[in-house]
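Reviewing the structure listed below.
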Amino acid sequence: MDNVLAYSKIGETIGSLFFGWFGDTYGRKPSYIISLSLLITGRAISLITSHSYTFFVTGCIIAAFPSTFALQSISLISIEISSPKRRSQIAKYRLIASSFGMCLMPLLYWWLRDWKTFLIVTTVTQLPYLIFSWKIIESPEWLWVNKKPKKCIRQLRHIARVNNASLEKDTENKILSESHTTGNEEALGPLELFSSRRLAINTFLQLCLWVSVTVSYIVSLLSSGEKSDGNPFLEFTWQALIEVPAHFSAAWLVEQLGRRYTSAASSGFTCILWMILGLRELDVFSWLNQGYIGTIIGIVNRFSITIAYYTINLLNMELYPTRLRQSGMSLGNIVSGGAAAVAPYILYVVCKLSS
């Protein structure tokens, strides 16, 4: 299992690099459609060729290749058509939906008791999104930045019509006039993220934060079902369920304290909780070995990690300009995928040392 997860994360890392460039160059909508198509295709390959380890892993890698940007492309469209003050709310609701899915996943598998049936159910439910994906609009902000004013106006008219409003003529004229002096026709890539000293420092610090948060999250995710004193399905569910109030708390904290202080506080608290869990594994204090103590610490730790995860996702969306936004997010996903590939082996080594 650890090897399959590691291979999948490697595929996700490569896919992040490709789709980051693709989304900034060709648009959010085509990157969403292609990524969702590959996701369904890869899972179908794994299901049909499950008798062969090689083909099964190949299907997992194909499915993992676009897995991150299937979500992020549509999230970027939502963020880029919304006002800046609503962006944290969009990130909050997306991550809450993801947490509900994580909460339902172990319960669904516990009920089905067969991984093939589970894979079929979770893949078939994605087909309607692929079928109706052609109706998704392109980001007007991306169209404007990339000097496509007429298409931008067409999308804005559609948005206005859906909201029973109309696009003012002055706005259309302003978009048409400014598009001749604004935009970027150069080929973009990850190296653009280091084009200035300030941008390079911000990118480097954010990548370090991605490594820390991702390793913590993946180890917490795997350990919740791998080493539990009770029912591993319920243990996984409780820890996934705690993510929902954590997202609400994170959304409030980032508005009250700011992104930087929220991230620093949650990361520091997570570090302390990992140290306590380490003392528990080493049998330093006997009272820490109680089953309910481990469950409580694990849930609180997941709460803190989720706040840090929410903050880094929001930072990743807000830090970069439109023309580099998806490339910046892809670079974060590359580092995150690399850290996630290492995380199962970290957990394996820790379990070996403590046994």
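Placement of Cβ uses the backbone N, Cα and C atoms for every residue, glycine included.
Mean pLDDT for the domain 'Major facilitator superfamily (MFS) profile' (1-355) in the predicted structure: 81. Summarising the annotation, TrEMBL assigns domain 'Major facilitator superfamily (MFS) profile' to 1-355.
According to TrEMBL, the feature transmembrane segment maps to 55-81 (among others).
What TrEMBL lists as transmembrane segment is 93-112 (among others).
When Cβ-Cβ distances below 8 Å are used as the criterion, the transmembrane segment (204-224) is approached by residues 232, 235-236, 239, 263, 267, 270, 274, 298, 301-302, 305-306, 308-309, 312, 315-316, 319, 331-332, 335-336, 338-340, 342-344, 346-347 of the same chain, each at least six residues removed from its ends. Residues or ranges marked as transmembrane segment by TrEMBL: 204-224 (among others).
For 236-254 (among others), the entry in TrEMBL reads transmembrane segment.
The transmembrane segment annotation in TrEMBL covers 261-279 (among others).
Per TrEMBL, the feature transmembrane segment maps to 291-310 (among others).
Taken from TrEMBL, the feature transmembrane segment covers 331-350 (among others).
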